[in-house]
Amino acid sequence: MDKLLDRFFNYVSFDTQSKANVKHVPSTDGQMKLARALQQEMIELGFERVSLSEHGCVMGTLPGNVAWSVPAIGFISHLDTSPDFTGKHVNPQIVESYRGGDIALGIGDEVLSPVMFPILHQMLGQTLITTDGKTLLGADDKAGIAEILTAMVRLQQRNIPHGDIRVAFTPDEEVGKGARFFDVAQFNAEWAYTVDGGGVGELECENFNAASVTVKIVGNNVHPGSAKGVMVNALSLATRIQQALPADETPETTADYQGFYHLSSLKGSVERAEMHYILRDFEREGFEARKRRMFEVAKQVGKGLPRDCYIEVTIEDSYYNMREQVAEHPHVIALAQQAMRDCDIEPVMKPIRGGTDGAQLSFRGLPCPNLFTGGYNYHCKHEFVSLEGMEQAVAVIMRIAALTAERAK
């Protein structure tokens, strides 16, 4: 395996869960610890120009081994795991030659069931890596990191012709800041691929337009016994805002190209409340309409409030759909498709119901579609990855590098 699984297990041992609403990058110390470890590993593996920025971005170059000119390409994965579920003390389980049925996650009652996750029916006979039911796994995106570095090692060991290959590992992707301090000029690639996708064959070149919304509500608290005409309950206003949004446009009611409003947190009291939403839409027109609706709903709910009570809405764009940017460079997609077919994998073109660092980088002049990792059920205790899928990802990365050199000859 050329240490593919060993690498993965090592990386998931680092607690790199990122945090939202933190001003500095990386948002957690664990990410920088993993970044330093990767920096050292890349140096030991023979990478050149290995660097680690103050913001936790690791970069390095695997030098080419051919005499002719080949475009420099890149591969990128992220260091952090989702804030949605703990990534501390990850204890991976190996299920060899999966035979079907429920997989016990650790000692308790948690199971990974094909009833809830039918994709397991396609995993028969494969080696699966699961959690112990207490944490997420971290295949998103430490499988990607392990796959990229393993592919680079195998290119060297097998003396496969390739040009310069840039590799980068970024912080805080899960909170939308992964590419904020990414130095595109220093990376110096013609195009790149994030290795941050899901099931085998996935190739993604379009993603959500995304924004985060903060709704701050200031009410007025008095004794409930004498509250008539005086009390303004901030929590009641919050529920009215949520009820005014379409109930059939939430994450749990949408799929494919449908967008949504997602209330991710609500905290508060009678006096004050704060709501956090994320807005998602594949089309820019729909995206802007969702933002306008948030302001309109807040204005309507807040109509007639006393002077000292108010509703304040702040919206910050996170990233945009990279579809048009990548479409200007069709060879980038065609190359990945051919590489997959050369590895006996049929490409599955699908939209990302989320975002990647590649979305932001594509808008900054680095076309960057997304490749699969072989992982499933991200951001939760039911996350798992197929070892065979990871091996296929390694093969595709290697084939992309080789094809790039072949076509430049």
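Cβ coordinates are placed from backbone N, Cα and C, and glycine is handled just like the others.
Secondary structure from DSSP puts Asp80 (active site) in coil. Summarising the annotation, Swiss-Prot assigns active site to Asp80 and lists sequence analysis as the type of evidence.
Per Swiss-Prot, the feature active site, proton acceptor maps to Glu173; the stated evidence is sequence analysis. Secondary structure from DSSP puts Glu173 (active site, proton acceptor) in a helix. Over all protein chains present, the Cβ of Glu173 (active site, proton acceptor) has 27 other Cβ atoms lying within 10 Å.
Positions annotated as Zn(2+) 1 binding site by Swiss-Prot, on the basis of sequence analysis: His78, Asp140, Asp196. Contacts of Asp196 (Zn(2+) 1 binding site) defined by a Cβ separation under 8 A and a same-chain sequence distance of 6+ are given as Ile76, Ser77, His78, Asp140, Asp141, Gly144, Glu173, Thr356, Asp357, Gly358, Asn370, Leu371, Thr373, in order along the sequence.
Around the Cβ of Glu174 (Zn(2+) 2 binding site), the number of neighbouring Cβ atoms within 10 Å comes to 26. Annotated Zn(2+) 2 binding site per Swiss-Prot: Asp140, Glu174, His379, in sequence order.
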Worksheet item: Around the Zn(2+) 1 site (His78, Asp140, Asp196), what further same-chain residues have their C-beta within 8 angstroms of the site's C-beta centre?
Response: Ser77, Asp141, Gly144, Glu173, Glu174, Thr194, Val195, Thr356, Thr373
Fill in: Whole-number Å value for how far Asp80 (active site) lies from His379 (Zn(2+) 2 binding site) (Cα to Cα)
11
Item to complete: Please report the number of other Cβ atoms within 10 Å of the Cβ of Asp80 (active site).
Response: 29
Worksheet item: Which of the listed binding-site residues (His78, His379) has the least company, meaning the fewest other Cβ atoms within 10 Å of its Cβ?
Response: His379
